[in-house]
Amino acid sequence: MSAAPIRETPETSQRPGQQGGTSGAAPVQRRRRVTELVLLVVAWVIGIGANILVDPQRAGEDPSHVYRTAGVLIVGSLVLHAVLWLRARYADPYILPIVVTLNGLGIAMIHRIDLLMDSTAGTNQVLWTAIGMFAAILVLILLRDHRYLRRFTYISLLASALLLILPLLPGLGTEINGARIWISIGGRSFQPGEIAKITLAIFFAGYLSTNRDVILLAGPKIGPVRLPRFRDLAPMFAAWLVSIGVLVFQRDLGTAILFFGLFVAMLYLATGRLSWIVLGLLFVAAGGVVASQTFGHVAARLDAWWHAFDPAIYDAPVGGSRQIVQGIFGLASGGLFGQGLGQGRPDLVSFANSDMIITAFGEELGLIGLAAILMLFFLLISRGFRASLGTPDAFGKLLAGGLASIMVIQLFVVIGGVTRVIPLTGLTTPFMSAGGSSLLSNWIIAALLLAISHSARRPVLTGPASEEDIAAFEAHEREEQQRAEIQESERAERAQRRRARQEEARREREERRAREAEDRAAGSASSKSSEGQRAHTAITDKQSKEKGAQS
């Protein structure tokens, strides 16, 4: 039984070894997975080699850290590779190797700083890497179709609000370094806002994919710019206000910038209008001015940015610029080629293993090494946007674009902060900085991008398809048709209600005009009657006077 050429969808995928229309695509999927496996070997060599080179002598005497890191990276990525082969065979072959490389380099630098500061952040990072990989595996296994997440659009908004409120609850939230963004569970801290950025991206993607046309076409027009109606953007602004409002109380400037940037980026992706970017920048500027006059910690950040080399600000016990200046000198000491992995003093910079890990890489690997790391990030982000462009459904396009935008914003804010282009905010570098909640959320983002890229890269069925393929495709078509009919019915109902309101308003205007005309006519008749009565009275009076005169 044959079928017409169709684009394969997540519901029409075949199992390995199944006969049908994907037989010609089998070499393509094998090629992608083999490419991924080869690149994973390169990623293992880079990540494990870096963990050895940070201190070769100690690695020879006590290789336990190297063994743990190698075991987690190799076993975890192999399991992910196998899951992709079975569940997402057409997924992008570059995303996983890039993520493993960045993760391995981050563990190496954190371990390097641990050796200088006698801490255990590197061991914790290896543990959170295993947890993050496990979460990514669960996402790929449980999420057969990324469009399923669209059903949870408003649940995602509610989940985002709850996640952001949790650190404010007494007895659960903890304050660290002046920011109340963590919760403490079993002696370990976790940052719910890292998960909230994913749930917010899901909400924005679901809402905008449903209401994009209304936002684009409805509303008043001022010159060449058409403004959306407020009620169409009310849920979006509610999400933004909830996020920003909670973060103001949490005193976390970096995450507030990240959420607002995500809000503006996804509006731009949905509408294609640069006016949203311009408006967003104006909001950031206005918000920065207001926040600097209202909140002391924001004013301190701005002072440390503008006057970093002022001795009074440099030595300030709270909100000083020591961290920024140390980071700048660390980058400068690296030069073009760096001092060598394991040869610098990144521990001299405050929070070198988290907020300032970019300066540590710049010091030891130099400008060339740091540029190579940034190229890996740019390649990862470009693969995310490529998945967005290739996905046929609007929700997938917006979700992949939003997740890639999260990494863009984080990278820009981190690089801009350590190089003093913008104020230092405290955001972490994806996959590299110490921090379990950040690493976990980034692995989930990587898994979602892999799932979406799988849908984007599915081949076109050009040969004979199996009955199971055809039945699945027909079921999918029926579902899409039902969804389209429901949307068309809803649009028709909205249009009918709008016409009814307009007709009612027109009748009210006509009735009002009729009443006004009747009132004017009645007033005119009354006026004429009064004039007649006055004339009759005048004549009667005149006749009475004449009779009196004759008498």
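Backbone N, Cα and C atoms are what each Cβ position is placed from, and that goes for glycine too.
Residues or ranges marked as region 'Disordered' in TrEMBL: 1-28 (among others).
Annotated transmembrane segment per TrEMBL: 37-54 (among others), in sequence order. Below 8 angstroms of C-beta separation, residues 65-66, 69-70, 73-74, 77-78, 81, 93-94, 96-98, 100-101, 103-105, 107-109, 111-112, 115, 341-342 of the same chain, each at least six residues beyond the ends of the transmembrane segment (37-54), sit close to that stretch.
The transmembrane segment annotation in TrEMBL covers 66-86 (among others).
Sequence annotations record features per position, and here TrEMBL assigns transmembrane segment to 93-113 (among others).
If you look at the transmembrane segment (125-143), the same-chain residues 6 or more away from its ends with a CB under 8 A from one of its CBs are 65, 68-69, 72-73, 76-77, 79-80, 83-84, 87-88, 103, 106-107, 110, 149, 434-436, 439-440, 442-444, 446-448, 450-451. For 125-143 (among others), the entry in TrEMBL reads transmembrane segment.
For 152-170 (among others), the entry in TrEMBL reads transmembrane segment.
The feature transmembrane segment is assigned by TrEMBL to 253-270 (among others). Proximity of distant same-chain residues to the transmembrane segment (253-270), defined by a Cβ-Cβ separation under 8 Å and at least 6 residues beyond the stretch ends, is recorded for 181, 193, 196-197, 200-201, 204-205, 208-209, 212, 215, 236, 239-240, 243-244, 247, 276-277, 279-280, 283-284, 287, 291, 297-298, 301, 388, 397-398, 401-402, 405-406, 408-410, 413, 423, 425-427.
Annotation comment: TrEMBL describes 277-296 (among others) as transmembrane segment. Residues 248, 251, 253, 257, 260-261, 263-264, 267-268, 302 of the same chain sit 6 or more residues outside the transmembrane segment (277-296) yet have a Cβ under 8 Å from a Cβ within it.
The annotation transmembrane segment is assigned in TrEMBL to 365-386 (among others).
Residues or ranges marked as transmembrane segment in TrEMBL: 398-419 (among others).
Feature annotation from TrEMBL assigns transmembrane segment to 431-452 (among others).
Outside the compositional bias 'Basic and acidic residues' (477-521) by six or more residues, the chain places nothing with a CB less than 8 A from a CB of the stretch. Summarising the annotation, TrEMBL assigns compositional bias 'Basic and acidic residues' to 477-521 (among others).
Summarising the annotation, TrEMBL assigns region 'Disordered' to 477-551 (among others).
Taken from TrEMBL, the feature compositional bias 'Basic and acidic residues' applies to 542-551 (among others).
For the transmembrane segment (93-113), the most Cβ-contacting stretch among 66-86, 365-386, 431-452 is 431-452 (pairs under 8 Å). Long-range neighbours of the transmembrane segment (365-386) within the same chain, counting only residues 6 or more positions beyond its ends whose Cβ lies under 8 Å from a Cβ of the stretch, are 92, 94-95, 98-99, 101-102, 105, 334-339, 341, 358, 400-401, 403-404, 407-408, 411, 415, 430, 432, 449, 453, 456.
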